[in-house]
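**Student:** Please read through the structure below; I'll follow up with questions.
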Amino acid sequence: MTNTATSVELDLQVAVEGVELPSVQEMELWVKTALRDSMDQAELTIRIVDVAESQMLNSTYRGKDKPTNVLSFPFEAPPGIELPLLGDLVVCAAVVKQEAIDQNKPLNAHWAHMVVHGCLHLLGYDHIEDIEAEEMESLETQLIESLGYNNPYQEQ
């Protein structure tokens, strides 16, 4: 399916204070871009969290006792029921900011990358095996560049 007009219902939950965040409109654009060739419509939640919540969730669901940039929780509908629910993304604002600084990237460009990256995970993409990683990174690069940002995997 090629669809440049994906309809997105975004539930944005901000569970952290005093951080610089992209606008809801930017996040919706990034989600629509990530989903444009996969879904006509989608509903998802993006929850912005602090380091403690990110670390707790990463430890609980991935067995890694440290905060991470983005976690993806796909929604799986019961068999025979089709719903536009894609799932949830949990993004740690502090980790995204520090990574942007460490990688010498504009903060919004890194936010865009993390949202696109998380959406691709919700669609079933992964980067555990090298071949999967190459496919996912190639698609991410195309999507991020279509948004006007630099290749996220090249040093800035």
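Cβ coordinates come from backbone N, Cα and C, glycine included.
Got these off Swiss-Prot a minute ago, pasting:
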BINDING   HIS117, HIS121, HIS127  Zn(2+) binding site
**Student:** What are the sequence-distant neighbours of HIS121 (Zn(2+) binding site), meaning same chain, six or more residues apart, C-beta distance under 8 angstroms?
**Tutor:** VAL70, SER72, PRO74
**Student:** Whose Cβ lies within 8 Å of the mean position of the Cβ atoms of HIS117, HIS121, HIS127, the Zn(2+) site, other than those residues?
**Tutor:** VAL70, SER72, GLY118, LEU120, TYR125, ASP126, MET136, GLU140
**Student:** Run through the Cβ atoms and count how many others sit within 10 Å of the one on HIS127 (Zn(2+) binding site).
**Tutor:** 16
**Student:** Which residues of the same chain, at least 6 positions away in sequence, have a Cβ lying under 8 Å from the Cβ of HIS117 (Zn(2+) binding site)?
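**Tutor:** Result: VAL70, GLU140.
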